[in-house]
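As recorded in Swiss-Prot, the features of this protein are as follows:
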{"type": "ACT_SITE", "residues": "Glu161", "note": "active site, proton donor/acceptor"}
{"type": "ACT_SITE", "residues": "Lys220", "note": "active site, proton donor/acceptor"}
{"type": "ACT_SITE", "residues": "Cys276", "note": "active site, nucleophile"}
{"type": "BINDING", "residues": "11-16, Asp36, Arg41, 89-93, 130-132, Glu165, 276-279, Arg346", "note": "NAD(+) binding site"}
{"type": "BINDING", "residues": "161-165, 220-224, Arg260, 267-273, 338-339, Arg442", "note": "substrate binding site"}
{"type": "MOD_RES", "residues": "Lys107", "note": "N6-acetyllysine"}
{"type": "MOD_RES", "residues": "Ser476", "note": "phosphoserine"}
{"type": "REGION", "residues": "88-110", "note": "region 'Disordered'"}
{"type": "REGION", "residues": "129-135", "note": "region 'Allosteric switch region'"}
{"type": "REGION", "residues": "321-325", "note": "region 'Important for formation of active hexamer structure'"}
{"type": "REGION", "residues": "466-494", "note": "region 'Disordered'"}
Amino acid sequence: MFEIKKICCIGAGYVGGPTCSVIAHMRPEIRVTVVDVNESRINAWNSPTLPIYEPGLKEVVESCRGKNLFFSTNIDDAIKEADLVFISVNTPTKTYGMGKGRAADLKYIEACARRIVQNSNGYKIVTEKSTVPVRAAESIRRIFDANTKPNLNLQVLSNPEFLAEGTAIKDLKNPDRVLIGGDETPEGQRAVQALCAVYEHWVPREKILTTNTWSSELSKLAANAFLAQRISSINSISALCEATGADVEEVATAIGMDQRIGNKFLKASVGFGGSCFQKDVLNLVYLCEALNLPEVARYWQQVIDMNDYQRRRFASRIIDSLFNTVTDKKIAILGFAFKKDTGDTRESSSIYISKYLMDEGAHLHIYDPKVPREQIVVDLSHPGVSEDDQVSRLVTISKDPYEACDGAHAVVICTEWDMFKELDYERIHKKMLKPAFIFDGRRVLDGLHNELQTIGFQIETIGKKVSSKRIPYAPSGEIPKFSLQDPPNKKPKV
């Protein structure tokens, strides 16, 4: 059997960096080189301050960096030396042309394929790590076949990642499954078994699933679509709970105890974010439309529509509760990452909520423990989010949560950071304008509602009526509409 001794990973982002760091950590006899065209990112991987935050990542990197784990911008040499090349580059949603807003843009995948074939000789395994549409491996293989050389043998596999940001290291060390797809030919199966051997040193063999390439590619899209669907489903129930007096947490517990349903991903919130869910569901929608399956496409589109609705509904609730206007009012936004234990802001609900409130003239004071100021400014300065001077006029980045809440009309919790449960809310209430509102978009304060009401807060949360003496207001009856799907037409201001 072919033995993999050297691995090259093209792409040092949220997938490539942690994945290959764990492989190097678990397989010290394999030399792992992570390469990227972004020199500043590679410099960060080689520094004490890593470019991404992930619990446990720093310890893993430091245990093997400089020994059998290397980060470099020398892409060509790393490809030439490798037995296995992971393609772990971005596959963003297209922002222009056919499939705009839904189809995956595979330009980086294609560029990798061309660079790999240019720098390869002999036998090499090329593996998709990036989330790609079905039959992307076929496109890679066609590029290889069109640029073949004597004695060149490139085998293409699919090995999608199933890690979740915030628990990536745990997921990589103890995965639910490892999925490897390859050609159903002797050469293809030889490559599959070689990659299986890499994982078998720490992953039980029964957790390593082998399929054909197309099943592997579709399984990744389907997995993310099912998870997103669960969140949209419970969020739809949260709207019903708010209208009837039910508590969505109690409903979720009741249905989650049914073993046929299970209790995971039944946490109602202001909406899902991150780099994968929306992108992959929209990719699935586009695939269904391209295959003339309009009913299937509409079914999955509703998952995205419900997520957008949940965000608009939450923003409308903030505005309505504050006497139908937030113009010139200070609003504290606690949390900007799309979930706790990560600094990733891609498709974060905080961006959308901030957009709605800025459009109404609110002054936002934003705090997040792991998202840099520059990233928040870039996200909110996107042409699809704000006008040229909106961010400079309406947004302040605070150094701590108390500064953000000082003098605020309302506190809006958008990320479920554990630290928000431990804040001194009496101190916060004293410094806020009265009536003081808390809008808990992540249900992180569920156990504190009585205490917070005793302090004097008006509490609004997802999927539950809390405040017994709610301040009367005149509802606008209007839920704002907004999309980040429009293509950028200018560079964001920092």
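Each Cβ is built from the backbone N, Cα and C atoms, and glycine gets one as well.
Owing to the predicted nature of the structure, the values given are computational and were not obtained by experimental measurement.
Taking the Cα atom of each, Ala164 (substrate binding site) and Val132 (NAD(+) binding site) are about 17 angstrom apart. Most Cβ neighbours within 10 Å, among the binding-site residues Asn90, Thr93, Asn224: Asn224 holds that distinction in the structure as shown. Same-chain neighbours of the region 'Allosteric switch region' (129-135): 9, 11, 15-16, 19, 86-91, 103-104, 106, 108-109, 158-161, 214, 217-218, 220-221, 224, 276, 279-280, 283, 286-287, counting only residues six or more beyond its ends whose CB sits under 8 Å from a CB of the stretch. Non-local contacts of Glu161 (active site, proton donor/acceptor) by the CB criterion (under 8 A, 6+ apart in sequence, same chain) comprise Val15, Thr19, Lys129, Thr131. Cβ neighbour density within 10 Å is lowest for Lys107 among the recorded positions Lys107, Lys220, Arg346. Spatially, by CA atoms, the recorded positions Lys107, Lys220, Asn224, Gly271, Cys276 include one closest to Asp36 (NAD(+) binding site), and that is Lys107. Most other Cβ atoms within 10 A: among the recorded positions Val132, Leu221, Ala268, Cys276, that distinction falls to Ala268. Of all the Cβ atoms in the protein chains shown, 24 others lie within 10 Å of the Cβ of Tyr14 (NAD(+) binding site). Checking each of the recorded positions (Lys107, Leu221, Asn224, Ala268, Gly271, Phe338) against Phe277 (NAD(+) binding site), the C-alpha distance stays within 10 Å for Leu221, Asn224.
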